[in-house]
Amino acid sequence: MATLSSLLLTALLWVPVGTLTCYGDSGQPVDWFVVYKLPAHTGSGDATQNGLRYKYFDEHSEDWSDGVGFINSTTGAVGRSLLPLYRNNNSQLAFVLYNDQPPKSSESKDSSSRGHTKGVLLLDQEGGFWLIHSVPNFPPRASSAVYSWPPGAQKYGQTLICVSFPLTQFLDISKQLTYTYPLVYDHRLEGDFAQKFPYLEEVVKGHHVRQGPWNSSVTLTSKKGATFQSFAKFGNFGDDLYSGWLSEALGSTLQVQFWQRSSGILPSNCSGAQHVFDVTQTAFPGPAGPAFNATEDHSKWCVTPKGPWACVGDMNRNQREEHRGGGTLCAQMLWKAFKPLVKAWEPCEKKSRAYSLGSPAGLWT
């Protein structure tokens, strides 16, 4: 029995060697997926599992499904996709881990001048994936040799989007990062990788775009041909990502979900031809929901109410982030996932709001 159990566990955690791609909850490679980690209060059962449940959506989905297991497990999409990072044979890979709130270490870095941006690039000579997320202190450094989920990220909602790309697309992706100006806390970029991706080498060194325009939009094509639009801005752009650029670029009103327990929150904006509304409550379809308020949700996403766009990124709507780098990744096939989630939003009549910087919520960005 013990032998059979060991074999089953090995099969569950098996990732084919040389196949560097996003992996879905099914355990099979997928072109892309989105994971929505639910706030802690929406869980049930064992208290240790509360705050680790998630919803899942990928290229094959018609609706959100419950995640397999928990977000801190390598049986699920996020953990399984990141497994190659923590293997002993990862010397053949290139990776860049960035986060304005990196995992704790003895080396303290001031991230206030860097972009408000979080993500992972993981690639080999054939291609790899870009994981964009909202999770502080995540993922662990490669030297930890184990995947884990930060305990401090269990309480609030989080979003993660993973897209598999051919190697050539990382040229454009790395250039986008010169605008978002990420704080890189772990990387390996050696030999051919450094030569092939000079922009990525500049990013690792802490360099950024030096002249305007201070924003950049590029079309990216996944391994299976899905089209994504990447929007990136540097701090000198000096405006809100959503009302100052994205709504006009997409030609549509936006409903934006972001972290609303910080100072300087920007109210809904109806001053332009395209309006931008702050989402105040999110609800998953069905009688079981769940539903939760924006003050319980650290995720960053937006949707055009009448279609056809939805975006997942790493930027909030607040005054400080008008002057910081960051961005979002948009796609039309994401619209059917996010449109049903908006339950309530703030009308433009409300001029201002203020949330205290209480601990621990106010320490998050």
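Note: Cβ is positioned from N, Cα and C throughout, glycine not excepted.
Annotated active site per Swiss-Prot: His298, in sequence order. His298 (active site) falls outside any helix or strand according to DSSP and counts as coil.
The disulfide bond annotation in Swiss-Prot covers Cys22-Cys162 (among others). Within the same chain, residues at least 6 positions away in sequence whose Cβ sits under 8 Å from that of Cys22 (disulfide bond) are Pro29, Val30, Asp31, Trp32, Phe33, Ala77, Ser81, Phe129, Leu131, Cys162, Val163, Ser164.
For Cys270-Cys348 (among others), the entry in Swiss-Prot reads disulfide bond. Taking all protein chains in view, 15 other C-beta atoms sit within 10 angstroms of the C-beta of Cys270 (disulfide bond).
Sequence annotations record features per position, and here Swiss-Prot assigns disulfide bond to Cys311-Cys330 (among others). Take the CB of Cys330 (disulfide bond) and look out to 10 A: across all protein chains shown you find 25 other CB atoms.
Around Asn215 (N-linked glycosylation site), the same-chain residues six or more apart in sequence whose CB sits under 8 Å from its CB are Tyr179, Phe231, Ala232, Lys233, Phe234, Phe237, Trp245, listed in sequence order. Annotation source Swiss-Prot lists N-linked glycosylation site at Asn215 (among others), citing sequence analysis.
Mapped onto three states, the DSSP output places Asn269 (N-linked glycosylation site) in strand. Shown in sequence order, Asp240, Ser243, His275, Val276, Cys348 are the residues of the chain, 6+ apart in sequence, with a C-beta less than 8 angstroms from the C-beta of Asn269 (N-linked glycosylation site). Under the heading N-linked glycosylation site, Swiss-Prot lists Asn269 (among others).
The N-linked glycosylation site feature in Swiss-Prot is assigned to Asn293 (among others); the stated evidence is sequence analysis. Residue density at Asn293 (N-linked glycosylation site): 16 other Cβ atoms are found within 10 A of its Cβ, drawing on all protein chains shown. DSSP assigns Asn293 (N-linked glycosylation site) to a strand in the three-state reduction.
Sequence annotations record features per position, and here Swiss-Prot assigns signal peptide to 1-19 based on sequence analysis.
Take the CB of Cys162 (disulfide bond) and look out to 10 A: across all protein chains shown you find 27 other CB atoms.
Put simply, of the recorded positions Cys270, Asn293, His298, the one whose Cα is nearest the Cα of Cys311 (disulfide bond) is His298.
Across the fold, the C-alpha of His298 (active site) and the C-alpha of Cys330 (disulfide bond) stand 19 Å from each other. When the Cα atoms are compared, Cys330 (disulfide bond) and Cys270 (disulfide bond) turn out to be 22 Å apart.
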